[in-house]
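A.B. asks: As annotated in Swiss-Prot:
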type    : residues          : note
BINDING : D9, D10, D53, K55 : Mg(2+) binding site
DOMAIN  : 4-118             : domain 'Response regulatory'
MOD_RES : D53               : 4-aspartylphosphate
Amino acid sequence: MEGKILIVDDQYGIRVLLHEVFQKEGYQTFQAANGFQALDIVKKDNPDLVVLDMKIPGMDGIEIFKACKEIDESIKVILMSAYGELDMIQEAKDLGALMHFAKPFDIDEIRQAVRNELAVEA
């Protein structure tokens, strides 16, 4: 597998878990704990896909999503959320988010979703 994935979540454990899963799949992965780190990585490393938590202190998921799209219109985004933030999720989907996973998510489902999205590009 090829492709670059950015994991954006303020929870260290989630970032590490997804990092390990996607690295085993052969993807190059980047991690960000907040929006500022995420946008820096998007500018420097040009990831193909972002796995983005909606509830992050400081810059929230919608702000991060919009800023990522301003930097790279073609970037793909998959959302994660631990809360029933239906308004935020709908807004992100309206802006072009591919899908949403509620935490706790099934790791195999998110792995398959990423595989499917990055395979479309290849």
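Heads up, the Cβ atoms here are built off N, Cα and C, so glycines get one too.
Remember, it's a predicted structure, so these values are computed and weren't measured experimentally.
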A.B. asks: I want to check the contact list for D10 (Mg(2+) binding site): same chain, sequence separation of six or more, C-beta distance under 8 angstroms. What comes out?
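C.D. replies: Long-range Cβ contacts: A33, N34, D53, K55, I56, P57.
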A.B. asks: Which has the fewest other CB atoms in a 10 Å radius around its CB: D9, D53, K55, the listed binding-site residues?
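C.D. replies: Minimum Cβ neighbour count within 10 Å, taken over the binding-site residues D9, D53, K55, occurs at K55.
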A.B. asks: Where does D9 (Mg(2+) binding site) sit in the DSSP three-state scheme?
C.D. replies: coil
A.B. asks: According to DSSP, folded down to helix, strand and coil, what is K55 (Mg(2+) binding site)?
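C.D. replies: Reduced to three states, the DSSP call for K55 (Mg(2+) binding site) is coil.
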A.B. asks: For the recorded Mg(2+) site, enumerate neighbouring residues of the same chain (Cβ within 8 Å of the Cβ centroid of D9, D10, D53, K55, site residues themselves excluded), in sequence order.
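C.D. replies: Other same-chain residues with Cβ inside the cutoff are V8, Q11, I14, M54, I56, G61, M80, A82.
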A.B. asks: Quick one: DSSP breakdown of the domain 'Response regulatory' (4-118) into helix, strand and coil?
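C.D. replies: The counts are 56 helix, 25 strand, 34 coil.
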A.B. asks: Find the average pLDDT over the domain 'Response regulatory' (4-118) in the predicted model and report it.
C.D. replies: 94
